[in-house]
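As written in Swiss-Prot, here are the features:
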type	residues	note
ACT_SITE	Cys132	active site, proton donor
ACT_SITE	Cys135	active site, cysteine sulfenic acid (-SOH) intermediate
DISULFID	Cys132-Cys135	disulfide bond
Amino acid sequence: MNLEALLDTVPAYARDLKLNFSAVVRQNTELTEQQLWGTVVACAAASRNRTLLDAIVEEAKGKLSAQAVEAAKGAAAILSMNNIFYRFQHLAVNKKYETMRAGLRMNFLRQHGVDPLDFELWALAVSAVNGCGKCIDAHERVLLQKEFSEEKILAAIRVASTIYGLAVVFDAEEPKGDLVGAPVNTDAYSTTTI
């Protein structure tokens with residue numbers, strides 16, 4: 001399903017999210033197309049709703065290079081890992097963890113092949129979705145040091161929050177039932193007692 005058709009299925013209780021999508025994505029004036037659509041793709045991937053991600057990636061292919069689409073998905077992947085690790089360090093009462101080596105590969109942070117500031121913005125947005133304050137502060141600091149404006153940062157966070165909200169709506173509205181291709185446990189439906 002294309003993105004517009006998917007957005008047309010947004011129920012009345014989530015109308016604000018559909019309107020926000022129009023305002024922060026369709027009517028965006030703060031971010032470049034790559035900054036915007038990379039943020040949209042990265043946040044959709046981090047929000048983990050397959051229906052929304054598929055529709056967004058399909059539309060993004062007309063706005064981003066294939067490399068940028070992959071880099072945005074890569075930002076969601078590597079930052080989701082980092083967000084868990086660094087959020088643990090930040091929240092743990094035992095501060096010794098902050099002095100210990102991460103021991104996790106993070107090469108993609110330097111090998112994504114897109115503008116480093118754009119990638120940094122996507123990393124910040126994914127960190128907001130995943131709720132890692134330590135990562136939010138680190139990525140915001142890099143952007144501000146490179147004279148990236150707070151208005152642009154907040155524009156990306158508006159996108160992140162809207163995409164996450166839409167993912168929640170589509171999760172809530174997706175029909176439930178057996179997973180396609182998964183074996184069905186017929187014993188669960190048996191009326192015979194053992």
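Using N, Cα and C of the backbone, Cβ positions are placed for all residues, glycine too.
Predicted, not measured: the structure shown is a model, and the values here were computed from it.
Sequence-distant contacts of the residue listed as 'active site, proton donor', defined by Cβ-Cβ distance under 8 angstroms and a gap of at least six in the same chain, are Asn82, Asn83, Ile84, Tyr86, Arg87, His90. In the three-state DSSP classification, the residue listed as 'active site, proton donor' falls within coil.
Long-range Cβ neighbours of the residue listed as 'active site, cysteine sulfenic acid (-SOH) intermediate' (same chain, at least 6 residues apart, Cβ-Cβ under 8 Å): Leu79, Asn82, Asn83, Tyr86, Arg87, Ala123, Leu124, Ser127.
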